[in-house]
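Residues annotated as transmembrane segment in Swiss-Prot, with sequence analysis given as evidence: 4-24, 56-76, 80-100, 116-136, 152-174.
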Amino acid sequence: MTPLALIMIIIAYLLGSISSAVLICRLRGLPDPRTSGSQNPGATNVFRLGGKGAAGLVLLCDILKGMLPVWGGYFLESNPLLLGIIAIAACLGHMYPLFFHFKGGKGVATALGALAPIGLDLTGLLFGTWVVIVLITGYSSLASMATALLAPLFTWLVKPQYTLPVAMLSCLIVLKHHENIRRFFAGKEKKIW
């Protein structure tokens with residue numbers, strides 16, 4: 001691994017470690033999403049705590065945290081494996097942020113941003129899958145997990161060389177949803193609205 005590759009991975013992790021949910025809630029005078037609502041610093045919890053505007057800002061910032069470092073890797077002509085590692089680093093930063101005591105979100109929006117540079121067709125498939133499942137079931141967590149599980153298949157159909165890193169990222173997202181899975185099967189998982 002080259003020094004530049006290592007620097008790109010570190011930058012991706014540090015960028016991912018900026019918790020937009022916590023910062024936006026502070027700026028808007030909302031409760032800390034790590035200790036309120038579902039206690040997850042992500043767009044869905046911020047939606048419940050502060051409405052569409054705050055959640056939209058969190059969603060945008062979280063997508064950009066994943067997108068910018070991967071686009072940087074594309075610009076520097078990194079190979080697919082390195083781009084995957086950069087994407088995973090950004091998501092790990094979001095999930096386990098250095099700046100916020102390693103208590104982060106689930107990484108769904110950051111992963112969407114990290115996968116967006118692969119292509120708009122993949123982004124559309126992922127976003128469309130999430131929306132359809134939310135509209136049918138009302139569960140953001142179920143939509144996120146189902147979309148994560150389908151992401152490697154969609155990637156294989158669009159650009160197969162990225163399938164392995166996307167599969168690794170998908171595993172991280174599903175594992176991060178372990179509490180949601182438990183609540184869902186216990187009948188205690190909350191719907192998005």
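Glycine is no exception: its Cβ is also placed from the backbone N, Cα and C atoms.
If you look at the transmembrane segment (4-24) against the transmembrane segment (80-100), you find at least three C-beta pairs under 8 angstroms, all six or more positions apart, and that counts as contact. Distant neighbours of the transmembrane segment (116-136): 63, 66-67, 70-71, 74, 83, 142-144, 146-147, 150-151, 154-155, 158-159, 162, 166, 192; these residues of the same chain sit at least 6 beyond its ends, with a Cβ under 8 Å from one of its Cβ atoms.
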